[in-house]
């Protein structure tokens, strides 16, 4: 291993921010970029008068609705480190894309609204983190508003997310009484000072709890802080980086992202504590980031990032070695060598060409329809296939109807390309020519209709269909499986990757099928091929 590769791996930090809608994730993303020097002014998402929009919300529909629909990838330097931040969809209807993003990162940052505590989507996303033992840091946001007591929020996190909480900062007051935070590691006080117009404005440091300045600034809250800290000292759990790296313990930070407060402390601790790129599992072996030979895996496809160019982009996580512009890579699924001359790194929609990139980095490579989610690329000819990138069973279904029959080819192309992105799943029933879309949440259907219109000039509509759920099928007994397929032929469909799925019309029909054919597996997830 070269000394330079070792150094570049050590300075990389690749993570995703996850939260329930409206917990302040997009605002925090903006402020991390602001402190990292990647942008000059935070574009407040809701500040319509200024005409600014959040850097990470670049699709037109996202700007209209104020939600993050796709996953943006942003890279910025911070001190000696290079940070790769994956801003994930915050709306509850966009969680399947978020699930897959969690396969491309080495750690996660969970954002919790202090007034609401743990919410449904956060629980689902933490389940995915737990499957991979992903280290998780927690930022409890909106301390400038009234909310739950800090101990109650942490108890809620421990109970619902099943992870031990250790505060590394502690809030003083809340809402209109919010005075700042105390850093338990550095033993210093950071007084709250609201920012204006997105500019960074630092607080005041007081290092000694016995300093009369503490009482001068906090008044009666000074004694309350001393009591809280004494309680934490006596009853709290000490922070263990080893437990954090194993996904057993989450360090907790408090702040107000919209006011820039607590963000620098969070970022400083993140680059110090979060892991550098880790080994990644493949079918045949584990791949170390320190291996000289390049490997990478595609975890996301985005169509038409620039409408003027009608382009499609494959997002690849570099797993080992060094990427250099113009290098020849083996595309294993199709068995061909490709020369990658124009890879890009993103700041949301702002692209810059890549001369070289290292493990942990996310690069975009142009995709003309040959690259799919889960594809592995290597510098060597070694047969390699990275694992752990799933599809999840949809919860909502719609039948697509075309308003203009002459646009049938455009509809098929649009649906196939959009399904390749992974936001929706496309099913073709075996008994007819219908297009059935399956999604984790209903808002995705609005996105598809909008993008078919804007990007493919196709006017389409939906009809309801009597499908309760989808299950991917597997059976080792060919005779039994053939009998099953014959009996349930009207309820079988092929997905976009050619996998056979059972579209159950109701829970009872699914239960009956499972009882009638116990040798058949009905799977809720499918490894992307």
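Here the Cβ of each residue, glycine as well, is placed from N, Cα and C on the backbone.
Sequence annotations record features per position, and here Swiss-Prot assigns GTP binding site to 19-26, 87-91, 141-144. When secondary structure is read from DSSP and collapsed to three states, residue 25 (GTP binding site) falls in the helix class. Cβ neighbour count for residue 25 (GTP binding site) (all protein chains, 10 Å cutoff from its Cβ): 26.
The domain 'tr-type G' feature in Swiss-Prot is assigned to 10-278.
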What is the pLDDT of the domain 'tr-type G' (10-278) when averaged and given as a whole number?
82
What is the Cβ neighbour count of residue 88 (GTP binding site) at a 10 Å cut-off, with all protein chains included?
26
Cβ atoms near residue 22 (GTP binding site) (within 10 Å, other residues, all chains):
16
